[in-house]
Amino acid sequence: MLRKRLQAGLCSLLLVLVLVFGPMERAIAFTDEQDLLLQAWRYVSQAYVDETFNHQNWWLIRQKFLKRPLKTRDEAYEAVGEMLALLDDPYTRLLRPEQYRSLKVSTSGELSGVGLQINVNPEVDVLEVILPLPGSPAEAAGIEAKDQILAIDGIDTRNIGLEEAAARMRGKKGSTVSLTVKSPKTDTVRTVKVTRDTIALNPVYDKLDEKNGEKVGYIRLNQFSANAKTEIIKSLNQLQKQGADRYVLDLRNNPGGLLQAGIEIARLWLDQETIVYTVNRQGIFESYSAVGQPLTDAPLVVLVNQATASASEILAGALQDNGRAMLVGEKTFGKGLIQSLFELPDGAGMAVTVAKYETPLHHDINKLGIMPDEVVPQEPIGYAMMGSETDLQYQAALDLLTQDQAIAQISQAS
């Protein structure tokens, strides 16, 4: 009898607990700003590559930030930014609506802006010019590689992220933007007004060259955009018709772009080999391989430098590790992390590091880069000089491609 009473009492207690606490949990209503914060938290919780979240209790971080009185959307964005900063991962970041749209546009094929490739120099934490695009307003304004962009329309670039800086330089065709530029060559600072124009993002430039009686096809890939593979195929077909039987693929100053574009372009050169391994948060490897016959098996040299990054390194690493090409130039940037884009309810977005990658020979190049087969140091040069007689790295590639011994080495490796 006592046992039955205890069981009945326990059931009553459980019922009271359910009645008291259940409705309270269901009654919690989050504001729109809290919902945005929660969605950002969930994306990281579900997809981030590091399950320790930089050795932190991610649930407690959620609770901490939910206690904030987030009254405006800007306050919500600031909270999300602070939350993501705790991961100590510069590639996992919030993209406000204009930044998110800008990032998607930059891989689509056309935009309106000043035509600068930019990056943040980690050594001095300053916005730095990789190169102005050929024929762009920035090039016409005299902006050069390695110039530092200190301010955009008076806004200090140290206080804004890379995407926001890019978004502020884009705008309606015919409008102007004021750039405060410091030249490391002369240590002078000047303010330049640049008129925005339509920037055609054709990611590929090609030409036929000749050395020692051999016809060499030169292909420069500036970015791994959605149309990059199609443009590479066009260039290869055109150069083959012109008689090219060996190639230089120029990946210098290519900051990367779409991972899938890098894999698809590697398949144009490889035959059944592994292109890249990705490693997720559980440590599970997934491989991407070439399928079918390559578009060409002609000898290939790839040019790389310190601004060759991300998807460019995937392609360069695949070609080098499989013995398909020799790399010439300087050690690459060393970005071996993969990000996915996630959209937030209000049109903002997030880039979240979801995996790391390794080359076919399982080299982890993050923060290490890829060392070329032949190191040729060279100061940064503009697009107009790339692939010219004064381009030392290009000339070294031509020498390799027109020497019988080097060609035999490349062909044997292939």
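From the backbone N, Cα and C atoms, a Cβ is placed for every residue, glycine too.
Per Swiss-Prot, these features apply:
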type: SIGNAL; residues: 1-29; note: signal peptide
type: DOMAIN; residues: 100-184; note: domain 'PDZ'
type: ACT_SITE; residues: S310; note: active site, charge relay system
type: ACT_SITE; residues: D321; note: active site, charge relay system
type: ACT_SITE; residues: K335; note: active site, charge relay system
Inset, instruction - Take the domain 'PDZ' (100-184) and count its residues per DSSP category (helix H/G/I, strand E/B, coil), listing them in that order. - result: 22 helix, 32 strand, 31 coil
Legend entry - Around the Cβ of K335 (active site, charge relay system), the count of other Cβ atoms that are within 10 Å: 23
Inset, instruction - Could you measure between K335 (active site, charge relay system) and S310 (active site, charge relay system) for me? Cα positions, answer in whole angstrom. - result: 5
Inset, instruction - Could you measure between D321 (active site, charge relay system) and S310 (active site, charge relay system) for me? Cα positions, answer in whole angstrom. - result: 16
Inset, instruction - Compile a sequence-ordered list of residues in the same chain as S310 (active site, charge relay system), six or more apart from it, whose Cβ lies below 8 A from its Cβ; state 'none' when nothing qualifies. - result: F224, P255, G256, G257, F333, K335
